[in-house]
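For reference, Swiss-Prot has these:
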type	residues	note
BINDING	12-18, 40-42, ARG304, 330-332, 412-414	GTP binding site
BINDING	ASP13, GLY40	Mg(2+) binding site
BINDING	ASP13, GLU14, GLY15, LYS16, ASN38, ALA39, GLY40, HIS41, THR128, ARG142, GLN223, THR238, ARG302	IMP binding site
ACT_SITE	ASP13	active site, proton acceptor
ACT_SITE	HIS41	active site, proton donor
BINDING	THR298, THR299, THR300, GLY301, ARG302, ARG303, ARG304	substrate binding site
Amino acid sequence: MANVIVIGAQWGDEGKGKITDLLSRSADVVVRSQGGVNAGHTVVVQGQTFKLHLIPSGILYPDTECIIGSGTVIDPSVLLEEMEQLHALNVSTENLFISQTAHITMPYHRLIDRASEERRGKYKLGTTGRGIGPTYADKSERTGIRVVDLMNGDDLQEKIEWTINYKNAILEKLYNLSPLDPKQVIDEYRGYAEQLRSYVIDSSLKIYEAIQQKKNILFEGAQGTLLDLDHGTYPYVTSSNPIAGGACVGAGIGPTVIDRVIGVAKAYTTRVGEGPFPTELNGEIGELLCDRGAEFGTTTGRRRRCGWFDAVIGRYAVRINGIDCLAITKLDVLDELDEIEVCVAYELDGQICDHFPSDANQFARCQPIYRTLPGWKQSTTNCRSLEDLPKQALDYLKFLAEVMEVSIAIVSLGASRDQTIIVEDPIHGPKRALLDENGVPVSKADTQE
């Protein structure tokens, strides 16, 4: 039995969907613990592409139970659309479960999200406009509507009427927008309730029972560490906690049941939206990374900003999450480069800085200090073991493991499941593996007398 968290070690879009899909074949349960439709993950199976926002990647395995947890925010229209798309591809959703305590994204959340972003002007955050922030704001303000409310028809009408009257005042007076019709919204969401009712459960209890039965549970993170509300590049962050600790809170479990944390990072770095990005490349190499990596958001379609691998934020992610091993994705995107840079530290106001500064103004002033490594100038997409990799590619991976101070368990060389190298058992491998002088993972137990 193993309970494993998969989280993003950068700014999201690291390829968690593929890694979770790979690991789901060994999982009995997959849990999505936070975020909403602002997160997208893509899985490619036998040439067929699945783009999901709310439903866990494990849905492609019919014997794997998939839970949308309490810490998520759910847009019912998007969820039902995803379910219909899966049905059209002959994928069952009978193994899907929805937490009764997850919060619901309402029409006024989307309207306020977009209007608020437009009103910010030069201070815009780069929100997806899907209503995620306002939904979480209502959750904190204790005025939100939860799945359990949606299922309670008697109270739903009164609650929606009161909330819409309150939100209409904001829409009209602050944003000069037309008010919403409470009856229309009530009818719409009652329809969603009937379609989703059979999927709704006490998710924390179900997860607890799976733990008691010693099942393998995979907790699937959305977004990435640097987008965490408390520990990311605030204010250019999401409205939830996509770190390992947030997975426990969002799933409704204690941290002591977690056996392993797997961090996912690209072989370079990307970011969507606004905010500082020390290793960003605006020239030809940045364009090459974007084009070869197909760096366009699953949710918004926006072009992602691309840059060199940043080991400073990588080490920060390892520390914040207690990462035991890494999955490095999109190594193949670097195949055509003569040289590859890795940021190992920053220069901040004339001083060497080897840690991530929490002050956004300081972070914006950080200049990357690079280590240059040779490229390999040949395709890696058909490599299926470390021995198949060009020496320079293997040296690059060893260097990343060294500067990140954690071992690499998985290397991804393309979107398909089979374009993967398993270096060590990512589920049952050693806790926080160390490296010997040859870059080979060894457990802490092996290093103790």
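Placed from the backbone N, Cα and C atoms, the Cβ positions cover glycine too.
Look at LYS18 (GTP binding site): DSSP puts it in a helix. In the three-state DSSP scheme, LEU331 (GTP binding site) falls into the helix class. Separating the Cα atoms of ARG303 (substrate binding site) and GLY40 (Mg(2+) binding site) is a whole-number distance of 14 Å.
Ranked by Cα separation from GLN223 (IMP binding site), the binding-site residues GLY12, LYS18, GLY40, LEU413 are led by GLY12. Counted over all residue pairs in ASP13, GLU14, GLY15, LYS16, ASN38, ALA39, GLY40, HIS41, THR128, ARG142, GLN223, THR238, ARG302, the record's binders of IMP, the longest Cα to Cα distance measures 34 angstrom. Taking the Cα of ARG304 (substrate binding site) as the reference point, the closest of the binding-site residues ASP13, THR128, LEU331 is ASP13. The two recorded residues LEU413 (GTP binding site) and THR128 (IMP binding site) have their Cα atoms spaced 28 Å from each other. Around the Cβ of GLY12 (GTP binding site), the same chain contributes ALA39, ALA222, GLN223, GLY224, LEU227, PRO242, VAL272, each under 8 angstroms and 6 or more positions distant in sequence. Figure note: comparing Cβ neighbours within 10 Å for the binding-site residues ASN38, THR42, the maximum is reached by ASN38. In this structure, the binding-site residues under consideration are GLY15, GLY40, and the one with the smallest number of other Cβ atoms within 10 Å of its Cβ is GLY40. Cα to Cα, GLY40 (Mg(2+) binding site) and GLY301 (substrate binding site) are separated by 10 Å.
Distance noted between the C-alpha atoms of LEU331 (GTP binding site) and the residue listed as 'active site, proton donor' is 18 Å.
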